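Peer 1: In case it's useful when we look at the structure, here is the feature table from Swiss-Prot:
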- 249: active site, proton acceptor (ACT_SITE)
- 283: active site, nucleophile (ACT_SITE)
- 243, 454, 457: K(+) 2 binding site (BINDING)
- 283: cysteine sulfenic acid (-SOH) (MOD_RES)
C-alpha cells in the first residue's frame, strides 16, 4: 500500500517540495511498511509559509464573518463527501481501525468546521452604557497562529485548531506529528477546494526542530499544541519569552469512578471506551478506574469477559475493533509499563502480550490489558501510558475516592457512573478536571469546550471558548460630551 502525497508541504495554496530537508518516512503501523516518503521543512520552507500567511491574513480578517464562515461550512461539506477516502488515509497513517476512523476523524473535523463556520457571525463584542457616553469592545484576530498536532487524531486536531482560528480572521500554519503527516495535506486540499484564499492554511512537515522554529518565529502570535506534558512545558517556555498566546492540550491520568448503584454493563462499556478506543492512545482516557468494593469482583469478571472479545487485526476490516499502536517505540514503551505493573504487584487480569496475527507479524499490535489490585502509588496508576492498559482500583466511600481521584498532577478529564444523579453532580463538582462526564465517557462534541486543569493544559479547544482563545479584545471609549479636564 502506498499513500505518497504530491509533495511534503502545502504553502500559499499549492504543494511545495524541498528535498534538502531531513527525510521523513511514513510507516503503516499494522505492517511496518513504508507507505510514503516526505521531507522535513527547511528554513526556506518555513519562511515561505510565513510570507504566504502574512500576505493573506489582513484581507481575510477584513471580510464579513459570515463570508469566512461560508467557506468553512463548504469545507465541512467536502470532508463529508470524501469521508470514506479520508478515513482510509487516516487508517493508513495511524493504524486505527477503519471502523473508528469512519466516525471519529474526518467526521469530527467536519463538525468543527460547520460549528465555527455557523457561530462566528454571532461572536461579537459588547456595548457598555456609561451615562451618556459609552464604550464598546471589538473581537479582533491575533494574526498568524501556529498549530502543532499529535498522532492520535491527525485530521481532527488540524481542524479543531484551524477552524476557530480561521473563523476569527487569523492565518494558520500547521505542523502535523512526524508520525502522521498525511491527512493534514488532505485537509489543505479541502480548504482550497472550498475557496479558502491561498496562504491562510499552510502545512509544514517536520520533527521537533521545525516545531521550535515555528514557536520562536517573530510573526507567530499564538501557538496551539496537542501533545505530552514535557513537550508542552518546553513550548510554553519558548512562547513565554515573547509573550505569545498559547493553548495547551496535554496529557492525563484521568479517574473514572464507578459507584455500586451504577448500571454495571454501561459502566464497563464506558471504562472500555475510555481505555481501548484508538488502542488506548487518547489523552483524556480514564485509565484509573475506581470501582466500589461492593461490585468490584463482578465488575472485573465481566470486564475481562468483554475485553477478551475485542477483535484485533487488519485495520481495514470493518469488523476489526482495535488496530496497532502508532510505532514500535510506543509499543515497547507500553510493554515496559505492563512489565512494571506486574513487578510492582498489580494483578494482570487479562492481556499484557503481543497478539500473533497472520500477515501482521511486523505490526505494532498489543493486547488490550486490564490490571486489578492496583494501588495509588504504583507507576501504572501515576504515569500516562498512552496505550490500551486499564488499572482497576477499589474504593469504599465518596470522600475517599474524590481525594484519591484528585491526587494527580494531571487534570484533563474525569467520569462518574451512578444511578444517583445528585451524587454524580456533587462528585464531579469536587473533581479537579476540565472535561467531565456523568454516565458516559470520552464523548467530545465540538459544541462544548475541551481541555484540562493543572498539568493537563491551558486554554480550551472547541465551543465558543475556542474563539476567545484565537482573538484579542479591543476596548473603545466614546465620549459624547466635552472633555472634562483640570488643565
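From the backbone N, Cα and C atoms, a Cβ is placed for every residue, glycine too.
Just so it is clear, the model here is predicted, and its values are computed rather than measured.
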Peer 1: According to DSSP, which of helix, strand or coil covers residue 243 (K(+) 2 binding site)?
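Peer 2: DSSP assigns residue 243 (K(+) 2 binding site) to coil.
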Peer 1: Just to confirm: which same-chain residues, 6+ apart in sequence, have a Cβ under 8 Å from the Cβ of residue 457 (K(+) 2 binding site)?
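Peer 2: Counting only residues 6 or more apart in sequence, the Cβ neighbours of residue 457 (K(+) 2 binding site) under 8 Å are 232, 247, 248, 249, 250, 412, 434, 451.
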Peer 1: What is the total of other Cβ atoms whose distance to the Cβ of residue 249 (active site, proton acceptor) is within 10 Å?
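Peer 2: Its Cβ has 27 other Cβ atoms within 10 Å.
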Peer 1: Restricting to the same chain and to sequence separations of six or more, state which residues have a Cβ under 8 Å from that of residue 243 (K(+) 2 binding site).
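Peer 2: None - residue 243 (K(+) 2 binding site) has no non-local Cβ neighbours under 8 Å at 6 or more residues apart.
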Peer 1: When you measure from the Cβ of residue 454 (K(+) 2 binding site), how many other Cβ atoms are you left with inside 10 Å?
Peer 2: 17
Peer 1: Restricting to the chain of residue 283 (active site, nucleophile) and a gap of 6 or more, list residues whose Cβ falls under 8 Å of its Cβ, or answer none.
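Peer 2: Listed in sequence order, they are 150, 152, 226, 249, 250, 251, 252, 384, 386, 412, 456.
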Peer 1: Helix, strand or coil at the residue listed as 'active site, proton acceptor', per DSSP?
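Peer 2: The three-state answer is strand.
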